[in-house]
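Engineer: My questions all concern the structure below.
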Amino acid sequence: MLSYLFIGGSFLLYIGIAVWARAGSTKEFYVAGGGVHPIANGMATAADWMSAASFISLAGLISFIGRDGSAYLMGWTGGYVLLAMLLAPYLRKFGKFTVPDFVGDRYESNTARIIGVACTIIISFTYVAGQMRGVGIVFSRYLHVDINTGVILGMAIVFFYAVLGGMKGITYTQVAQYCVLILAFTVPAFFLSAQVTGHILPQIGLGATLETGQSVLATLDQLSMDLGFAQYTTGTKSTIDIFCLTVALMCGTAGLPHVIVRFFTVPRVKDARTSAGYALIFIALLYTAIPGVAGFGRVNLIQTLNGPDNAGTEYAAIPDWFKNWENAGLLAWNDRNGDGKIQYAAGSAFDSKGGKPAFDDGADPRGEMGQRLATNALVGAEFDATKQPFANEVYVDRDIMVLANPEIAQLPAWVIALVAAGAVAAALSTAAGLLLVISTAIAHDLMKTVISPNITDKQELMYARMAAVVAILIAGYFGINPPGFVAQVVALAFGIASASVFPTLMLGIFYTRMNTQGAIAGMLVGLLSTVGYMWYFVFGGGDPADYFMGISPGGFGAVGLVLHFVVAIVVAKFTPPPSEEMQRIVADLRIPRGAGEAHAH
Amino acid sequence: MSISSESAKAYWGENLRIIMFYLAIWFVVSYGCGILFVDALDKIDFFGFPLGFWFGQQGSIFVFVVLIWAYVASMNKLDAKYDVQE
């Protein structure tokens, strides 16, 4: 009941703001009129940036992979340092609306512009699909509606404020969404930390010593080892893989079009720098709490599932949250040893990649205890007795950790409702920002600049709204029929941003000699090598043993980035320099004074 | 509104030095402490955390925030020095 109240209330708030901040011109639609205060812009950037992946998935991911998760924490925050120092102030001075705008104008080429449009659209769509799935999970679990109804509801809300309000509506809605999502993440984090360690701040609590005399992290290491998992505080991936993944995520973050566009909305160059500073503070509030939430959640999960005597918990005695998530299809139990108890340890309980259960959805058959049955349940309970005390019988979807955490810890009902509202806020705010970038790329960069430059401001605005509608419908389709590889697809988005957008922007600013040919060659090489590598290893059945230098597809964006720089610079050396006029413009964009407003042409 | 080209060149040079300085710190805390030397640092206990683990999951993020604000302050000073602020 409370979930309805919290989610419904937050929706009314967002719609109210959207009506108040309707966009009247293309400039208000694209860059909110260019007059957003840095603090508001920082909050909006933070909400824009922190998606369902940050809110729902990241803590869950770290909970299961421990130290290797550092790559995501550092990658998704360190990118802001690059943005603040290498891109944001100069892009603001250049004074255009979008990434393709900069690429097309700086390199004096519509071919470059169209490649920019393609990168923007690929990156943004792959990202949107993940957001819609997040909305679907929350709706199906907390509002007990069908996932499809949930997605359509989410689409309707985004439609309302993105299409009507444009950047202006989105910016002010995102400020509200930031407040909702940061409360929704930190309040349960404080509760959890206080409950487990006695310290209210999870940043300190994670290092605390428990009543047993062992620190939280040492306890985690112990629990993990006892159950056959890798130690929590040691890594399992190779150093070069983690290094490359971090580079790809950092440079990808700095190259995401929907984040970059944020820095066009502030009045001055100076404000672009401070905006990045505020954005990172607001992001760090959530990100530094994530390791705590991940760690405490892991301890609670293991202890609840395996019981105080570490022998398993009777299915009949398991708390309601287990059955609720089981009904949502994100938890499953396969009683391999037939003792009626749930046991959680290393290994798969179901016969598939990642141990995912294949539920028989049509008939929804139940076992004698009432548990959902899967068609691919492993038979027999073999396990390595030297490593773990029993065979694993549980499938836990990583994405449920943040949402289930407050329930596992038996926090008050309003905290659980707040988390649900926060997850929706995180998904919707990012989806809206992405949809806006897609519609801008189509209406402004493709229609207005390349195809028919004679359209009026009003017509362009109409095209932008139409593009937004189409984009929402496509995103909704992906939400209802989610590709089974959302995580890989999101990694693809970062890889592409890192290998195509980030280097071309950087070269455009820092290398006056960079010309049309170099830029086009660089972007194509970065884009194609990264997409090709990921495609081959993720979908094409490539063998991980053949990874280039042991670099997994998620980290290949770093290699694409290097290739891009090398190819672009070499090609530029052998082709004519850019026009005198352009060299003068590049020299000028390095000086803050005279930025004026973000303008069209 | 435009400044002399020598002064613009000097401004850009100082700007690059500032960026290099901060990015060096950025690299050391994240890629250095959090990845390359993480195993060695993990032998040191830091308020209940293995130090390398702490840098990777908490410390580097705090440093990033400080770096951006220090950069903002340095650039505001530099802009004023060359009189190129808005």
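Here the Cβ of each residue, glycine as well, is placed from N, Cα and C on the backbone.
Checked TrEMBL, it gives:
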TRANSMEM  A:72-91  transmembrane segment
TRANSMEM  A:111-130  transmembrane segment
TRANSMEM  A:142-163  transmembrane segment
TRANSMEM  A:175-193  transmembrane segment
TRANSMEM  A:240-264  transmembrane segment
TRANSMEM  A:276-296  transmembrane segment
TRANSMEM  A:413-442  transmembrane segment
TRANSMEM  A:462-480  transmembrane segment
TRANSMEM  A:486-511  transmembrane segment
TRANSMEM  A:518-539  transmembrane segment
TRANSMEM  A:551-574  transmembrane segment
Engineer: Can you find at least 3 Cβ pairs under 8 Å between the transmembrane segment (A:486-511) and the transmembrane segment (A:111-130), where each pair is 6 or more residues apart in sequence?
Structural biologist: yes
Engineer: What stretch of A:111-130, A:240-264, A:276-296, A:462-480 shows the most Cβ pairs under 8 Å to the transmembrane segment (A:518-539)?
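Structural biologist: Answer is A:111-130, with the largest number of Cβ pairs below 8 Å.
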Engineer: For the transmembrane segment (A:72-91), find every same-chain residue at least 6 residues outside the stretch whose CB is under 8 Å from a CB in it, and list them.
Structural biologist: 49, 54, 58, 61-62, 102, 245-254, 259-260, 263-264, 269-270, 272-273, 275-277, 279-280, 283-284, 287, 290-291, 502, 505-506, 509-510, 589-590, 592
Engineer: So, does the transmembrane segment (A:276-296) come close enough to the transmembrane segment (A:111-130) to give 3+ Cβ pairs below 8 Å, pairs being at least 6 apart in sequence?
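Structural biologist: Answer no: the transmembrane segment (A:111-130) and the transmembrane segment (A:276-296) share fewer than 3 Cβ pairs below 8 Å.
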Engineer: For the transmembrane segment (A:462-480), I need the partner stretch with the highest count of C-beta pairs below 8 angstroms, choosing only from A:240-264, A:276-296, A:413-442.
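Structural biologist: When the Cβ pairs under 8 Å are tallied, A:413-442 comes out ahead.
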Engineer: With contact taken as 3 or more Cβ pairs under 8 angstroms (pairs 6 or more apart in sequence), are the transmembrane segment (A:551-574) and the transmembrane segment (A:276-296) in contact?
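Structural biologist: Checked: the transmembrane segment (A:551-574) vs the transmembrane segment (A:276-296), no contact.
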Engineer: Which of A:240-264, A:276-296, A:413-442 shares the most C-beta pairs under 8 angstroms with the transmembrane segment (A:142-163)?
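Structural biologist: Ranked by Cβ pairs under 8 Å, first place goes to A:413-442.
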Engineer: By Cβ distance under 8 Å, which residues at least 6 away from the ends of the transmembrane segment (A:240-264) in the same chain are close to it?
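Structural biologist: Counting only partners 6 or more residues beyond its ends, the transmembrane segment (A:240-264) has Cβ contacts under 8 Å with 30-31, 34, 41, 44-45, 48-49, 68, 70-72, 74-76, 78-80, 82-83, 86-89, 91-92, 95-99, 119-120, 123-124, 127, 167, 272, 275-276, 279, 430, 433-434, 436-437, 440-441, 493-503, 505, 549-552, 554-559, 561, 598.
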Engineer: Which bits of the chain, at least 6 residues beyond where the transmembrane segment (A:413-442) starts or stops, bring a Cβ under 8 A of a Cβ in it?
Structural biologist: 2-3, 5-7, 9-10, 14, 29-30, 47-52, 54-56, 97-98, 100, 117, 120-121, 124-125, 127-128, 131-132, 134-135, 137-139, 141-142, 154, 157-158, 161-162, 166-167, 170, 173-174, 177-178, 180-185, 187-188, 191, 257-258, 261, 402-403, 405-407, 463-465, 467-468, 471-472, 475
